[in-house]
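**Student:** Just passing along the structure, written as structure tokens.
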Amino acid sequence: MRQKLDRLLEQAQINLTDQQKEQLVGFVRLLDKWNKAYNLTSVRNPDEMLVKHILDSLVVSEHLQGNNFIDVGTGPGLPGIPLAIANPDKQFVLLDSLGKRITFIKNALRELGITNVTPVLSRVEEYKEQTFDGVLSRAFASLNDMVDWCYHLPNPQGKFYALKGIYAESEVQEIKNPIGLEKVIPLSVPELVGERHLVLLNKPN
């Protein structure tokens, strides 16, 4: 699995240390193990997890601006855990409303020695503890839902980072809250079939 990860990272031009690579492989092994009992992801094959979960998360890394981020509807820690491993200097809150997912994340953090992640069991609309430089998600079906439910989370300079498949301009026009479209970045994920985009949105000051 490590060789496959090395190859994917090279193709994506992502540079990580040996320790970071081992943490990513360890995370996939844990996810695969827990998935058999807890059904955390529909992806069953660890090699596929490397592409669809790890690389698909890591390609966002170079676009992150700021120091503290929240991953909303993180599921088993995606994209939050791969991004936290790749960015040990940044802080991440991983939010999910399902207990088994947060239990898995806590276990993974402990086993892998990841110290820059805070897992939180909460519904997004009820989480008002702090604001963030970036609100990340690949969980929302529509941009309007993401902005609507997470509007209280970015700080004045903060941005929404929405990970999408196909980007539809009409989705931005359907957003009800005041919002600015900063840019849409096509993402290239090695060995992943289909389009991926990062949509950057900001709240007008």
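Including glycine, each Cβ sits where the backbone N, Cα and C put it.
Annotation source Swiss-Prot lists S-adenosyl-L-methionine binding site at Gly73, Leu78, Val124, Glu125, Arg138.
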**Student:** Where does Glu125 (S-adenosyl-L-methionine binding site) sit in the DSSP three-state scheme?
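**Tutor:** DSSP assigns Glu125 (S-adenosyl-L-methionine binding site) to helix.
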**Student:** Show which residues of the chain containing Gly73 (S-adenosyl-L-methionine binding site), separated from it by at least 6 in sequence, have their CB under 8 Å from its CB.
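**Tutor:** In sequence order, Leu95, Asp96, Val124, Ser137, Ala139, Phe140 meet the Cβ cut-off.
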**Student:** Radius 10 Å, atoms counted are CB only; among the binding-site residues Leu78, Val124, which position scores highest?
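**Tutor:** Per the Cβ count, the most surrounded site is Leu78.
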**Student:** Over all shown protein chains, what is the count of other CB atoms within 10 A of the CB belonging to Arg138 (S-adenosyl-L-methionine binding site)?
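**Tutor:** Neighbour count, Cβ to Cβ under the 10 Å cut-off: 24.
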**Student:** Looking at Cβ-Cβ distances, which residues of the chain lie under 8 angstroms from Glu125 (S-adenosyl-L-methionine binding site) while being 6 or more apart from it?
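**Tutor:** Same-chain residues close to Glu125 (S-adenosyl-L-methionine binding site) (Cβ under 8 Å, separated by 6 or more) are Trp149.
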